[in-house]
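To start, the structure under review is shown below, and the notes come after it.
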Amino acid sequence: MAAKSDGRLKMKKSSDVAFTPLQNSDHSGSVQGLAPGLPSGSGAEDEEAAGGGCCPDGGGCSRCCCCCAGSGSSAGSGGSGGVAGPGGGGAGSAALCLRLGREQRRYSLWDCLWILAAVAVYFADVGTDVWLAVDYYLRGQRWWFGLTLFFVVLGSLSVQVFSFRWFVHDFSTEDSATAAAASSCPQPGADCKTVVGGGSAAGEGEARPSTPQRQASNASKSNIAAANSGSNSSGATRASGKHRSASCSFCIWLLQSLIHIFQLGQIWRYFHTIYLGIRSRQSGENDRWRFYWKMVYEYADVSMLHLLATFLESAPQLVLQLCIIVQTHSLQALQGFTAAASLVSLAWALASYQKALRDSRDDKKPISYMAVIIQFCWHFFTIAARVITFALFASVFQLYFGIFIVLHWCIMTFWIVHCETEFCITKWEEIVFDMVVGIIYIFSWFNVKEGRTRCRLFIYYFVILLENTALSALWYLYKAPQIADAFAIPALCVVFSSFLTGVVFMLMYYAFFHPNGPRFGQSPSCACEDPAAAFPLPPDVATSTLRSISNNRSVVSDRDQKFAERDGCVPVFQVRPTAPSTPSSRPPRIEESVIKIDLFRNRYPAWERHVLDRSLRKAILAFECSPSPPRLQYKDDALIQERLEYETTL
């Protein structure tokens with residue numbers, strides 16, 4: 001990826017990441033350049049367009065929440081490339097970046113209990129599978145022992161490989177970011193320009209004049225830099241620090257290698273998530289957000305690993321054990337516990353991953369625990385009906401069951417490809433990803449594309465209902481003679497009642513528990529009537545936004561006022577008089593880093609967004625000098641998102 005001078009991030013076929021944080025300010029955004037791979041002083045410098053203000057003429061340009069550091073015109077060399085206003089370069093623009101960021105959350109007891117419950121589900125799933133495999137071996141049933149153990153080993157090895165690969169990527173990225181930051185801050189107290197990744201320079205520009213806000217920011221950064229780099233005053237001290245760092249790195253590598261060799265990578269990540277959450281509660285105000293977001297990212301990683309493990313181990317294990325139960329016409333307690341644990345693990349992984357995705361995204365509202373429980377029940381009952389149908393059909397038609405699975409997988413994969421997902425860079429990598437998601441679609445619904453899912457949900461579950469009905473009917477017609485109707489009819493009732501219950505929970509979730517409100521009863525026309533209604537803004541932000549555009553729209557306001565007097569009604573949009581904005585009448589604004597990324601975030605599926613965020617998160621957390629968490633700002637072509645997430649020219 002290559003960076004531009006305005007801080008936008010372009011994607012290319014490379015793993016390098018470079019971007020520019022846009023620092024918050026009261027009157028104008030200050031751009032702190034990041035020059036990956038360049039020494040201090042030779043890369044991007046602090047930029048400002050000619051004129052010394054937010055706009056060249058010093059007025060007319062309003063930055064809602066003051067996070068966009070672009071000028072009204074690109075006059076002067078090294079300008080940040082802001083959006084031109086309607087009146088041309090001299091008139092300025094009202095480029096808005098309406099902040100969607102939620103208020104800072106804190107790690108709670110419920111978060112800890114949720115993670116501990118996930119650990120318990122994982123132990124119950126894997127533990128019962130291993131116990132059942134040992135039981136099959138002791139009873140001399142080597143074929144069932146081999147199949148049961150095979151799925152356990154397959155899921156565990158796959159998870160450890162992915163987990164260790166992520167550790168190597170994160171650890172190497174963190175080391176490179178730390179080394180680059182140390183090289184760019186040669187002296188204690190210097191204004192640190194964090195260097196992230198590798199790539200081209202972010203741009204060059206003029207030195208920014210000193211302002212009171214910037215002086216306060218530099219003072220706070222200098223204090224933190226001095227506290228972090230106070231031991232770098234002599235060459236001997238730096239050499240000993242390097243030696244200690246190498247020893248520490250070796251110990252970490254050895255520990256992580258042993259953890260993953262003993263198949264404990266997922267458990268380690270769960271407890272590391274709890275540790276980061278506790279640290280976030282015990283840390284000060286400046287470090288609390290950093291540990292909290294590290295915890296959120298770690299939980300997203302381990303949730304994705306759990307999702308991978310369930311569809312490689314729990315799902316085939318569940319079908320296998322149910323087939324054995326139907327073929328032997330007997331149910332042992334251990335077999336029942338194993339099947340139940342696998343089913344719970346499947347539903348838990350899907351619901352937990354959706355929660356982790358929403359928690360790790362600034363542009364999404366967090367999902368409540370009640371909504372997660374409803375999602376768990378939705379997936380639990382629909383997957384239960386699905387696997388029971390598979391077990392019944394496979395007990396009679398083993399060969400045709402394999403043909404059906406392959407055919408269903410091909411159809412689902414073709415459908416996913418038709419949805420035009422954008423997960424990978426190349427076309428063939430995208431097809432491989434769609435094939436993997438097609439395996440998930442054998443058992444349950446998994447959203448792979450942003451946008452309205454009502455039609456796709458209806459099509460998917462309608463197809464699943466038809467398949468379950470056909471497979472159950474074929475089993476009932478061709479079942480073994482020794483299977484009486486006293487067993488067959490209740491089995492069919494369980495299949496259809498379970499599926500119906502899952503659909504009811506799905507409707508409950510979208511009708512009452514969806515984070516964005518009820519999803520039913522909203523037509524596309526009414527959804528576009530007031531696109532900003534679903535995203536409430538702080539009072540001071542909304543007031544300053546309306547006040548900033550009142551001068552540019554005085555003619556429209558006068559015309560609306562005349563129409564209002566004539567019709568005897570108040571205009572819909574009206575600017576309220578407010579107190580003059582003085583330093584004493586408004587609260588101090590916390591400086592914030594905003595990373596603008598020139599990517600269409602909402603075109604990416606949920607899984608791909610997680611991978612994309614993983615490539616950025618370590619670089620984001622490298623801003624140790626920032627008193628508030630950096631915020632990602634993606635480009636979007638939708639009306640609502642373009643008004644509320646990205647720059648819009650008014």
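Every residue, even glycine, has its Cβ placed from backbone N, Cα and C.
Pulled from Swiss-Prot:
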{"type": "COMPBIAS", "residues": "1-15", "note": "compositional bias 'Basic and acidic residues'"}
{"type": "COMPBIAS", "residues": "21-31", "note": "compositional bias 'Polar residues'"}
{"type": "COMPBIAS", "residues": "216-238", "note": "compositional bias 'Low complexity'"}
{"type": "MOD_RES", "residues": "Ser200", "note": "phosphoserine"}
{"type": "REGION", "residues": "1-44", "note": "region 'Disordered'"}
{"type": "REGION", "residues": "200-238", "note": "region 'Disordered'"}
{"type": "TRANSMEM", "residues": "114-134", "note": "transmembrane segment"}
{"type": "TRANSMEM", "residues": "144-164", "note": "transmembrane segment"}
{"type": "TRANSMEM", "residues": "248-268", "note": "transmembrane segment"}
{"type": "TRANSMEM", "residues": "306-326", "note": "transmembrane segment"}
{"type": "TRANSMEM", "residues": "331-351", "note": "transmembrane segment"}
{"type": "TRANSMEM", "residues": "365-385", "note": "transmembrane segment"}
{"type": "TRANSMEM", "residues": "396-418", "note": "transmembrane segment"}
{"type": "TRANSMEM", "residues": "428-448", "note": "transmembrane segment"}
{"type": "TRANSMEM", "residues": "457-477", "note": "transmembrane segment"}
{"type": "TRANSMEM", "residues": "487-507", "note": "transmembrane segment"}
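In summary, the transmembrane segment (306-326) does not lie against the transmembrane segment (396-418): fewer than three C-beta pairs, each 6 or more positions apart in sequence, are under 8 Å. Away from its own ends, the transmembrane segment (365-385) comes close to residues 102, 105, 110, 114, 343-344, 346-348, 350-352, 354-355, 358-359, 443-445, 461, 464, 468, 494-496, 498-499, 501-503, 505-506, 508-509, 513-516 of its chain (Cβ-Cβ under 8 Å, at least six residues beyond either end). With a cut-off of 8 Å between Cβ atoms, the residues of this chain six or more beyond the transmembrane segment (396-418) that come close are 390, 430-431, 434-435, 437-439, 441-442, 448, 467, 471, 474-475, 478-480. Highlighted: of the candidate stretches 114-134, 144-164, 457-477, 487-507, 114-134 has the greatest count of Cβ pairs under 8 Å to the transmembrane segment (331-351). 144-164 is the stretch from 144-164, 457-477, 487-507 with the greatest number of Cβ pairs below 8 Å to the transmembrane segment (114-134). Packing against the transmembrane segment (144-164) from elsewhere in the chain are residues 126, 129-130, 132-133, 136-137, 256-257, 260-261, 263, 265-266, 269, 301, 305, 308-310, 312-314, 316-317, 320-321, 324: each is 6 or more residues past its ends and has a CB under 8 Å from a CB in it.
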